[in-house]
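Trainee: Got a structure for you, questions after.
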Amino acid sequence: MLYEVVREETDSAKRPTYQVLNPANREVIAEVEIDSPDDVALAVKRARVAQKEWAALSFKERANRLYAARKLLLENKAQMIETVVLETGKPAPEVLMELLYVSDIIGYYGRRAEKFLADRKVSFHLLKNKGGTIVYNPYGVVGNISPWNFPLLLSFGDTVPALLAGNAVVIKPSEFSPLCAHLMMDFCHKAGVPRDVLQIVNGIAETAGALIDEADLISFTGSVPTGKKVMERAARTLKPVLLELGGKDPMIVLSDANLERAVHGAVYGALFNSGQVCISVERVYVEASIYDSFVQKVVEQVQKLRVGVETCSGDSVDMGPLMSERQLSIVDRQVEDARAKGAKILIGGRRREDLGGYFYEPTVITDVTDDMLLMQEETFGPVLPIIKVENAEEALRLSNASKYGLSSSVWTSNKVRGMALARQIEAGSTCINDVAINYVIPELPMGAIKQSGFGYRHGAEDGIRMFCRAQGILSDRVGMKRELYWFPYNRRSEKLVGKVLDFLFKR
Ligand code: NAD
C-alpha cells in the first residue's frame with residue numbers, strides 16, 4: 001500500500017473499506033475506510049459548530065489562511081503532482097493546470113470576496129419611504145460531491161469560494177481519486193483552517209446520500225444519471241443543489257477558419273486528459289470545402305501523440321490511461337456500436353492491453369450518424385468524431401440537437417459571424433477560436449443548460465454569492481403611526497390607493 005488515509009478517530013470501530021487503484025497499472029495504492037451515514041452526520045454536526053467561529057473571522061483572515069495553504073501547495077508541488085498522477089494516470093503537465101486553477105481561484109476570490117459579498121444598499125422605485133439592504137449570509141455547511149477527472153480542481157474549485165464566504169465545507173471526493181483532496185485538506189489545516197471547518201468524508205452513494213441529507217447546500221459535479229439521483233435525494237429535505245454535469249460539446253469549424261489552429265484545437269480539446277473532460281470536444285462539424293484537409297491534418301496530429309505511463313521524470317507522455325474498467329467499457333461499447341453501424345475508424349479504435357492499465361488508443365472517426373451511441377451519449381474518452389456539414393446553419397442545427405448543453409466552440413476568421421453563431425449555440429459557454437480554456441477564467445461564468453446541469457461555476461460575483469443566502473432586509477424610514485394599507489380597511493384609503501394605481505400605471 002503506497003498511501004494511507006488517516007481518519008480523524010471518532011471511535012475505534014473498524015469500518016468497511018474501498019481500494020484506490022492506479023489506473024496506469026491497476027495496482028492498489030490505498031485502502032480507504034468508508035464513512036457511514038452516522039459518521040457523516042457527526043462530521044456535519046461538528047462543521048456546523050465550527051462554522052460560526054469561522055464566519056466571525058474577517059474576510060482578510062480567512063483569505064490569509066488560504067494563501068498560507070496555497071504556499072504549502074506550491075512548496076509541495078511535486079508531492080501533489082505525484083499523488084494526482086498516481087491516482088489518475090494523467091500526464092504531469094495536466095496536473096499543473098489543476099494547481100494553477102486552485103492557486104488562482106484562492107487569489108481571485110481571496111482578494112475580492114469582501115467586495116463581492118458586501119451589503120448592497122437598494123433604493124426602491126416605489127415606496128420611497130423605505131430603504132433596503134441585501135446581505136449575503138453563508139449557507140452554513142456546504143457539501144461538495146466531486147468526480148475523479150480533475151480531482152484536485154473539482155474538490156477545491158468550489159470549496160475555496162465556499163470557505164471564503166464563511167461556510168464550513170465537507171467534501172465527498174470520488175472514490176477513484178480521494179488522495180489529492182486529503183493532501184490539500186492537510187495543507188489547509190496546517191495553514192490554520194480549523195479541522196472541523198474543512199473535512200472529508202469517504203465513500204460512494206450511501207456516504208454522498210447522507211451528506212445531501214445533512215449539509216445545507218450541495219455542490220455536485222458528476223454525471224447526468226448521478227446528478228438526477230442527487231436532485232431526487234435533495235428533494236426529500238428541499239436542499240438547494242448546484243449541479244454541473246456531463247456534456248457532448250460541439251465544435252463548429254467554418255471554411256474561413258485558421259485551419260492549423262482549428263486542427264490543433266480539435267486534437268487537444270478532444271484528447272487532453274484522455275478525453276475525460278466534461279467540456280471536451282465530442283463532436284466536430286466541419287464545412288464541406290475544408291473537410292478533407294481538416295480530417296487529414298487531425299489524423300497526422302493524432303499519430304504523433306505519445307500514449308503511456310507518466311513517470312514524472314524525463315519526457316512527459318501526452319495521454320495516459322482512462323480511469324477505470326467501467327470507463328474503458330463505455331468507450332469500447334460506443335466505438336464498436338459506431339463501427340457496426342458503418343462508421344470509419346481512421347486511427348485508433350482499440351484498447352491498449354499491452355500497456356497494462358486502462359489504456360485506449362486516441363481515436364478519430366468519420367461517417368458517423370445520429371443513431372450511433374457515440375453521437376447521443378457522453379463518451380468521456382479519447383474519441384474524436386468528425387462530421388461533414390454543408391454550411392454553418394446545418395452545423396448549428398446538429399450542434400443544438402442534443403440533450404446536453406455544457407460548452408461549445410466556433411472556429412472562423414470572421415469575428416461578427418463567430419459571435420452571431422456563438423449566441424445561437426445552446427450551451428452554458430462558448431469559445432470562439434479556442435477551446436476549454438474558458439473554464440479557468442474566473443471572470444467568466446461556466447454554467448450549463450439542458451441536462452448538463454444548472455448553477456453557476458465561478459463567474460465573478462455570482463461564483464461566490466452562490467454559496468450564500470441572499471437576505472433582503474427592508475427598513476421603514478418615516479415611522480408613520482400606520483400605513484395606508486394596514487388595518488382597519490376603509491373606503492377612503494381604498495379610493496386613495498386606487499388613485500395612486502391609476503396615476504402610476506394608466507397610460
Ligand atoms: P459520477 O456521477 O459517477 O460520480 C460523481 C460523484 O458522485 C462521486 O463522488 C461519486 O462517488 C458520487 N456518487 C455516486 N453515486 C451517488 C449517489 N447515488 N448520490 C450522490 N452521489 C453519488 O461521475 P464521475 O464518473 O466521477 O465523473 C464523470 C462525470 O462528471 C462526467 O459525466 C463528466 O462530464 C462530469 N463532470 C462535469 C463537470 C462540469 O463542470 N460540468 C466537470 C467534471 C466532470
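Each residue's number is its place along the chain shown, starting with 1.
Using the three backbone atoms N, Cα and C, a Cβ is placed for every residue, glycine included.
Here the structure is a predicted model, which means the values were calculated and not measured.
The domain 'Aldehyde dehydrogenase' annotation in TrEMBL covers 13-471. Look at TrEMBL and you will find GLU244, CYS278 tagged as active site.
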Trainee: What is the separation, in Å, between the Cα atoms of GLU244 (active site) and CYS278 (active site)?
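Mentor: Distance (Cα to Cα, whole Å): 9 Å.
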Trainee: Work out the three-state DSSP category of CYS278 (active site).
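Mentor: Its secondary structure by DSSP: coil.
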Trainee: Ten-angstrom check, please: count other Cβ atoms within 10 Å of the Cβ of CYS278 (active site), all chains counted.
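Mentor: By my count, 27.
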Trainee: So what's the mean pLDDT when you look at the domain 'Aldehyde dehydrogenase' (13-471)?
Mentor: 97
